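Q: This is the structure I have questions about; it appears just below.
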Amino acid sequence: MTKFRFLGPRKRLWLGLSIVLTVLALATVIIIRPKLGIEFAGGSELIIVRTGDKTESTEAEIKQLFSQLKLEVIQNLALEGNQRLVRTVSLNQEQTQALNQAIKPTGLEIVQFTQIEPSISREIKQRSLLSLLAASLAIVAYIAYSFRRLPQGLSSWRFGITAIVALAHDVLITYAAYLWLGQYFNFQLDSLLITALLTVMGFSVHDTIVVYDRIRERISHQPRLLENDQFELLAEQALQETLARSLATSLVVIIVLIALVIFGHLAIRSFVVALLIGITIGTYSSIALAAPLLVVWQRAKRVRL
């Protein structure tokens, strides 16, 4: 039975598909404005529940209550059960006391109150971006160091850079898909999303390193193929040998994540959805983007020589 070949003429298909997905993701990021969570936007966040026997609309009553106190409501969202999440501008001590007094006779109760000042939210933004950048640089350096003992004509930095290109592809598409879904399911850009993106980076680069490591093993076992300009054949063999493992590992994780999306708590649903998108895209890119990109770059170098 003939095995499905990922390289050869098909590598142009994979690279073209990745370019299309990247362009669509960039357009999404440019067009759709993210809904910032309280960590990034600053302000006050309250979780309010109804404790009395009243049957009035909790949403309407909260809106009326805050309007009477002249407090701007940014978001008023339904959570599980009879809970609602309300985000406002930062409340000072007097406004907080007035709200606590006004809410008592309504049958509503504030069960959680969080406030983040704008200066703190700016610091969180900066640290989040730095964490993503530092992780990316560390991955490039690690791969370049791990693959430093390659035959002449192969650069370890080429392995590292193509891996980080695939990684950027995964993070961008995950973020864009998250933004698009956020228009319908109220997903916010918050610390949970940053955690999900970092997790996706780790999962994606792990799959890519497995493929690259098998390419390195193939080179050591079949050096004549490299000497005869058959790097693409070595890469194809590596993909075929790691395909079953990569797909099986990813499938198990994806099944667990789907279960969490369906049965998990609403508070972590956006985090799980981001992981689900990222791991799916990361599995694709480690097979159909990183290796083809490495082959194309290696061939271009050979042509120049």
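These residue numbers are counts, starting from 1, taken along the chain as shown.
Using N, Cα and C of the backbone, Cβ positions are placed for all residues, glycine too.
All TrEMBL annotations are machine predictions without curation.
Annotations for this protein, taken from TrEMBL, read as follows:
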type	residues	note
DOMAIN	128-296	domain 'SSD'
TRANSMEM	12-32	transmembrane segment
TRANSMEM	128-147	transmembrane segment
TRANSMEM	159-180	transmembrane segment
TRANSMEM	192-212	transmembrane segment
TRANSMEM	247-268	transmembrane segment
TRANSMEM	274-297	transmembrane segment
Q: Counting only residues 6 or more past its boundaries, what in the same chain has a CB within less than 8 Å of a CB in the transmembrane segment (159-180)?
A: 18, 21-22, 24-26, 28-29, 32, 34, 132, 136, 139-144, 147, 150, 187, 189, 193, 196-197, 200-201, 204-205, 208-209, 212, 270, 273-274, 277-278, 281-282, 285-286, 289-290, 293-294, 297
Q: Decide whether the stretches the transmembrane segment (128-147) and the transmembrane segment (12-32) have at least 3 CB pairs under 8 angstroms, with pairs required to be 6 or more apart in sequence.
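A: As far as Cβ distances go (cut-off 8 Å, pairs 6 or more apart), the transmembrane segment (128-147) and the transmembrane segment (12-32) do not touch.
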Q: Using a Cβ distance cut-off of under 8 Å, indicate which of 192-212, 247-268, 274-297 has the most pairs with the transmembrane segment (12-32).
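A: That would be 274-297.
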Q: Mean pLDDT, the domain 'SSD' (128-296)?
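A: Summing pLDDT over the domain 'SSD' (128-296) and dividing by its length gives 86.
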Q: Give residue numbers and ranges for long-range contacts of the transmembrane segment (274-297): same chain, 6 or more residues beyond its ends, CB-CB under 8 A.
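A: Answer is 6-7, 11, 14-15, 17-18, 158-159, 162-163, 165-167, 169-171, 173-174, 177-178, 187, 192-193, 196-197, 199-200, 203-204, 207-208, 210-212, 215, 231-232, 235, 238-239, 243, 246-247, 250, 253-254, 257-258, 261.
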Q: Within the same chain, where does the transmembrane segment (247-268) have neighbours whose Cβ lies under 8 angstroms from its own Cβ atoms, ignoring anything closer than 6 residues to its ends? I mean 6 or more beyond.
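A: Here the qualifying positions are 79-80, 192, 203, 207, 275-276, 279-280, 282-283.
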